[in-house]
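Quick look at what TrEMBL lists:
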type	residues	note
REGION	1-21	region 'Disordered'
TRANSMEM	56-76	transmembrane segment
TRANSMEM	82-100	transmembrane segment
TRANSMEM	136-154	transmembrane segment
TRANSMEM	160-177	transmembrane segment
Amino acid sequence: MMDPGAGPTTTIPNTEGLPSVTPLQETETPAAAVQRWAFLVSQRYQHFLDKSTPFLLYRWIIFCAIAIIYAIRVFFVQGFYVVSYALGIYILNLLIGFLSPQVDPEFQDLSDGPTLPSRSSDEFRPFVRRLPEFKFWYSITKAFCIAFVLTFFTIFDVPVFWPILLFYWVILFALTMKKQILHMVKYKYVPFSFGKQRYNGKRASSTESASLLPRD
């Protein structure tokens, strides 16, 4: 018999073997879970991009493969010329940023950023692009990937006479490059590494040793 003076007995459930659930996981909504998952994916993606930065040759090989795949796709479907034209205009815009200095010499007096040497006696300074090489590669590769995806949607296949678009793009490219080349000639800079002054430690040391030799 149960003692009438005793209080009600409580049964303690056996929780051994069950995973512990934190209060954060109990109250996490589906939207918060998706947001957390998207953050983890973007973090992994950014880590992959950071690791690929020094592999310049392999990155551009991947870009060439993507560009060839897109060209083959457009050639076989015989359409999406408006998408290709918009892609060409975007690439031209990226190319101008890649070939331009970070600070325009016309406005370098108003800026505190790095400037280009204007005289032969000036100290050598490396060319700093407005659009760095990695961002140029990443933007142009992403643009080709997006354009390739758009070729699977017929809504973007606008009928147009493609030679007109090609002719207009060639004219626009020629005029833009002419303007950029005149800008390079006017301010005497080259947006590439070849042909620039390089310092050789051995030559400097040999010159110094030769100057220390006694003369007759």
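Numbering starts at 1 and runs along the chain as displayed.
Cβ coordinates come from backbone N, Cα and C, glycine included.
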Assess whether the transmembrane segment (56-76) lies in contact with the transmembrane segment (160-177), where contact requires at least three Cβ pairs under 8 Å among residues 6 or more apart in sequence.
no
Under 8 Å between C-beta atoms and at least six residues away from its ends: which parts of the chain pack against the transmembrane segment (160-177)?
81-82, 84-85, 88-89, 92, 96
